[in-house]
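Student: Sending over a structure as structure tokens; questions will come in a sec.
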Ligand SMILES: CC(=O)SCCNC(=O)CCNC(=O)[C@H](O)C(C)(C)COP(=O)(O)OP(=O)(O)OC[C@H]1O[C@@H](n2cnc3c(N)ncnc32)[C@H](O)[C@@H]1OP(=O)(O)O
Ligand SMILES: N[C@@H](CCO)C(=O)O
């Protein structure tokens, strides 16, 4: 096991029970979603964080496969003690549909022909990807995600989650992304697609039992990879240095280090990616336009999600101005949003590399947890003037040891505990009023969970009613809720 790593991990597979109805109106049958999870889902299922991957990523976001030389693609921020701390959070990452790393995509077998789909695979969108993820998340019993996070195309999925399933997202972290694909981004994707389509081996997408279009795919990646770097990082990495030679070759072989590097990036990509998946996924990215005919301010209307929007100062593919547009749309709705720009010379791919800044920003944002973020909103309470027997029955039935005593309007009058019930038996009390504590220790929904924890410790109590300004009980927070979310000091 490596230091600070979650160690050896494995990919799992979930088969969707229903067909996936796509945005295009087409139906995708027998859909499989490849995913990985790390950490432990808590009893309340409230600590799940969904990581959405970028264009060529996959479900293997952290940890190691047996025998591998490199860990998952975002291992720098996932694991014990890192910002996506697996001691606190339950991390989920799935491969997008349309992909080639275990989720159903163009290289999967079409149940109607028993052959790989190829171009018979339907066009998919970012919204379709999110719909498949939602089914996976629901299959785990998770009804609200503590956070959804992702960079680049992953960030588009984050934004789509917030708009498609606002009640399922507590906080959102879109990084180095945009709310719509710009003409320049579409242009680069189209050049990449044309490189694939122009490769004779592409054969209209039917190459699975013959030579694959590696030349076209490598060229597509070389073009795209340039857009993931910055001019400055290219100077830093290569300058004008020559590759394994002292002088120019005066031919069309490789002269410069940067050429050799791009060939390497292109070739290694063909070993891990399917050309048709590249076509489908880049198309999904191009179609992404969260606001459509409307404005972002209208699109974000009514969201109760807390946002951390991050951009990279040297990213010219998804420049900070596009992130600031997202922030403006959120600000127009008074939505809680923090915005940070990573300082880096790496360009767009900095979101995969800048471990220190990412860990600092994300850990700070996630640890800023309030009582309302973790409290149980459905909980048993008992009306004033109820009998002690009724309170005892309710406790047994609901398996709780604390019951807020309330008026018809849910105003808090007191609290009765299992200990109070034993006292009533021993001392022969008959009325709830005789045994309940009237000076109740409470917290407000806007209090930080650290305050709830301190009160529980100080008064040796394991459960606190949450009351709003009008003394109405709106939730209950227990030691379990709090301890699963507390930052360890
Ligand atoms: C985002 C997701 O969801 S997952 C997808 C993320 N992964 C990728 O995109 C993989 C390809 N991308 C990269 O490698 C990216 O550059 C990063 C961001 C992941 C890594 O960035 P860096 O750490 O700066 O690595 P860098 O860009 O310098 O590339 C290093 C590789 O280039 C090779 N290389 C460096 N110089 C040269 C050269 N002159 N000639 C040939 N190869 C070279 C290195 O040997 C190294 O190879 P390795 O990856 O097999 O070890
Ligand atoms: N380099 C990353 C980022 C692209 O946005 C990838 O290949 O997915």
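Quick reminder: no glycine exception, Cβ is built from N, Cα and C everywhere.
According to TrEMBL:
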type     : residues : note
ACT_SITE : 152      : active site, nucleophile
ACT_SITE : 315      : active site
ACT_SITE : 348      : active site
BINDING  : 221, 349 : substrate binding site
DOMAIN   : 375-432  : domain 'CBS'
DOMAIN   : 436-489  : domain 'CBS'
Student: Pick out which of the recorded positions 315, 349 has the most other Cβ atoms within 10 Å of its own Cβ.
Tutor: 315
Student: Just to confirm: which same-chain residues, 6+ apart in sequence, have a Cβ under 8 Å from the Cβ of residue 348 (active site)?
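Tutor: Those within reach of residue 348 (active site), by Cβ under 8 Å and sequence separation of 6 or more, are 152, 176, 227, 228, 229, 312, 315, 316, 317, 318.
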Student: Would you mind checking how many other C-beta atoms are within 10 angstroms of the C-beta on residue 221 (substrate binding site)?
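Tutor: A count of 24.
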Student: Is it possible to get the count of other C-beta atoms within 10 angstroms of the C-beta of residue 152 (active site, nucleophile)?
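Tutor: The answer is 27 other Cβ atoms.
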Student: For the domain 'CBS' (375-432), jot down how many residues DSSP puts in helix, in strand and in coil.
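Tutor: Across the domain 'CBS' (375-432), the residues distribute as 22 helix, 17 strand, 19 coil.
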Student: For a Cβ distance below 6 Å to any atom of ligand 1, name the recorded positions from 221, 315, 348 that qualify, or say none.
Tutor: none
Student: In the predicted model, what is the mean pLDDT computed over the domain 'CBS' (375-432)?
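Tutor: When the pLDDT values over the domain 'CBS' (375-432) are averaged, the result is 92.
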